[in-house]
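Peer 1: Annotations for this protein, taken from Swiss-Prot, read as follows:
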type	residues	note
DNA_BIND	109-198	DNA-binding region
REGION	1-22	region 'Disordered'
REGION	67-107	region 'Cyclin A/CDK2 binding'
REGION	157-178	region 'Leucine-zipper'
REGION	199-291	region 'Dimerization'
REGION	306-341	region 'Disordered'
REGION	361-443	region 'Transactivation'
REGION	416-433	region 'Retinoblastoma protein binding'
MOTIF	162-198	motif 'DEF box'
């Protein structure tokens, strides 16, 4: 839809003029030109008002009053009235409905020589420093080298600036960064000290660390192998002790203990204790050795292993079987056996002790006595030999008898007095009523 342009209304003294009806091609020419004003005579005083007017067809062509500016040569142009100039308004009517065409510019090209060779660079003088020589990274390397060569890591900044031939502010750039990451500290006004690590150490330290790492790896592998062996042995030992066929063999003999080479010419005491028994050995004195055993699970049994070579003429040697053994240990005993200064402690059904050399076969035992009629038992108390078989531990060697704290009976008891008995109403103290112990208690 085409709208008529707004016109300027003249004063009342002048006649009103309007634009003729024009087609769009006459109103909007394609050419661009500066507007031309038609000479006209108007009144000196007038006022303007903007309003929309109809365009009658009676106006003749070529009238330039109140017309929109167009090109020359028969085209309608806007004529300004004489006197006061109209207000300037910028109307961009040419760009309405038309695509914007960018302004054409000449492309810029690179200057290429005809021969295709680059222009030669101006050579620098021999004394001129390159950019790399004056870089802060290279200056830092030189500064750290001076710091490593200084005594105790203390460096004078004035001397460093003279040696490096740089301004002191560049040295401060380096020291500020190193101080910020806590590698140096300010010792005085112009002295700094290195507080980092691995600057003044042996240069062979990395190779030493690598060697130690390899040794540590080998030790870890060896430890892992030992753990596997211990686990395998523990499992095998558990199966061995839980087997019912092996429980009857859960004992150790005196000969087995005496056959150990480390126990020769030493006093050996075998200890049979329940699980979780606590053994304490205080600091050993010059000649004495003290051992403390404590158990909350049951009684502790202690056995003194005899030395067979000290008593060759013992009367009980023939009657003592060669396989005299300790009492079997309960099934709940846990594995463990410790020896300390001639002390053998047996806590386990099967003790890991080397097998001894079998002793020579003992002499044959005397034949069992034949059955005796009941009437012949009346004179049994008159026999010269003892009724009960005596064992080796009932005889004291001369060496032990001299230092023994036990008091022997004087005169010795007869055979009749060994046959004691108690009634249902008697206690253990009644056994000693038949013998006068007054003299022994006084002494």
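Backbone N, Cα and C define each Cβ position, glycine as well.
Given the structure is predicted, the values throughout are model-derived calculations rather than measurements.
In the displayed structure, how are the listed features positioned relative to their neighbours?
Peer 2: On the 0 to 100 pLDDT scale, the model's mean across the DNA-binding region (109-198) is 79.
Sequence-distant contacts of the region 'Leucine-zipper' (157-178) (same chain, six or more residues past either end, CB-CB distance under 8 Å): 136, 139-140, 142-143, 146, 184, 190-192.
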Peer 1: Kindly report the helix/strand/coil residue split of the region 'Leucine-zipper' (157-178) according to DSSP, in that order.
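Peer 2: Each residue of the region 'Leucine-zipper' (157-178) counted once, the result is 19 helix, 0 strand, 3 coil.
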Peer 1: How do the residues of the region 'Dimerization' (199-291) split into helix, strand and coil according to DSSP?
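Peer 2: In the region 'Dimerization' (199-291), the DSSP-based counts are 50 helix, 9 strand, 34 coil.
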